[in-house]
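Asks: From Swiss-Prot, here are the annotated features:
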DOMAIN    104-287  domain 'ATP-grasp'
BINDING   Lys141, Glu178, Phe179, Asp187, Arg211, Ser212, Asn213  ATP binding site
BINDING   Asp248, Glu260  Mg(2+) 1 binding site
BINDING   Asp248, Glu260  Mn(2+) 1 binding site
BINDING   Glu260, Asn262  Mn(2+) 2 binding site
BINDING   Glu260, Asn262  Mg(2+) 2 binding site
Amino acid sequence: MKLAILSRDGTLFSCRRLREAAQARGHKVDVIDPLSCYMNINSAAPSIHYRGRRLKHYDAVIPRIGPLTTFYGTAVLRQFEMLGSYALNESAAITRARDKLHSLQLLARQGIDLPITGFADSPDDTGDLITMVGGAPLVVKLVEGTQGIGVVLAETRQAAESVIDAFRGLKAQFLVQEFVAEAGGRDVRCLVIGDKVVAVIERHAKEGDFRSNLHRGGSARAVTISAAERAVAIHAAAALGLNVAGVDILRAKRGPLVMEVNASPGLEGIEAASDMDIATLMITFIEARLADRSSR
């Protein structure tokens, strides 16, 4: 099998692990920077070019597209899809997951429980928005934030109004969410591949913070989850059309709440904490999908 990993940096842990896992199973792997690709878009002979040469066919593509390169990265991935390459996560699914507002709307439409979330444009609606999510304390999140960046805990109503006014002053799109106090600065990351949860970790915020992201200095440990949590994680990934996803769940009194679904979950923290070879599981999933394709 000939594989392409779409990544801006082939030295990153997740990219290295995927490359090593694929090579260990006898596959040829190229790491391709999507921003160095350019495309010929036509119905007769579409093509992808990379650093001055036309790329040959790849059986499958593993997208490791960062948030800052979503628009161009998914355009390149669409071109690979048009040329017949199997995408581990399809471009449309990645685009859905990267739009926090759209993804929450899709999850809610599927009946998946979420933290109460508000969204508004007019400053006149700020008071109602705060009340809608249960008042302070509450969380204000940039729609385009990632890895805990652009996430603020407002502990009082006045603080919430100030944060919302500041984000509006920056012309930034943001969400307002209830603060789930009983989660205690912890969340559960479920790594979903296909219709299975293959690894689970509980992430803890560092002292003095409420964000549990490992990139923000949080820690992680392997945990077990309930059947309800497992079902919610699988349902959330499927609702966005993702074959591989990191589903982040808050453990609330009323049950598991999906906080976010990550279309390009990092492997370092969850492989270390769970002691699972997730990279190889991703490669074997691709092998099975390609085998299904060829048997049709």
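Cβ atoms are placed via backbone N, Cα and C, with glycine included.
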Asks: Near Asn262 (Mn(2+) 2 binding site), which of the binding-site residues Lys141, Glu178, Phe179, Asp187, Asp248 can be found within 10 Å, Cα to Cα?
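Replies: Cα filter at 10 Å returns Asp248.
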Asks: Between Asp187 (ATP binding site) and Asp248 (Mg(2+) 1 binding site), how far is it from one CA atom to the other, in Å?
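Replies: About 6 Å separate the Cα atoms of these two residues.
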Asks: Counting across all protein chains shown, how many other Cβ atoms sit within 10 Å of the Cβ of Asp187 (ATP binding site)?
Replies: 23
Asks: In sequence order, what residues of the same chain, 6+ apart, have a Cβ less than 8 Å from the Cβ of Glu260 (Mg(2+) 1 binding site)?
Replies: Lys100, Ser103, Val247, Asp248
Asks: Applying a 10 Å Cβ distance cut-off over all chains shown, what neighbour count does Lys141 (ATP binding site) have?
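Replies: By my count, 22.
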Asks: Using Cβ atoms only, which residues of the same chain lie under 8 Å from Glu178 (ATP binding site) while being at least 6 residues apart in sequence?
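Replies: Glu178 (ATP binding site) has long-range Cβ partners Pro115, Ile116, Thr117, Val133, Gly134, Leu138, Val139.
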Asks: Compute the average pLDDT of the predicted model within the domain 'ATP-grasp' (104-287).
Replies: 91
Asks: When a 10 Å sphere is centred on the Cβ of Asp248 (Mg(2+) 1 binding site), how many other Cβ atoms does it contain?
Replies: 21
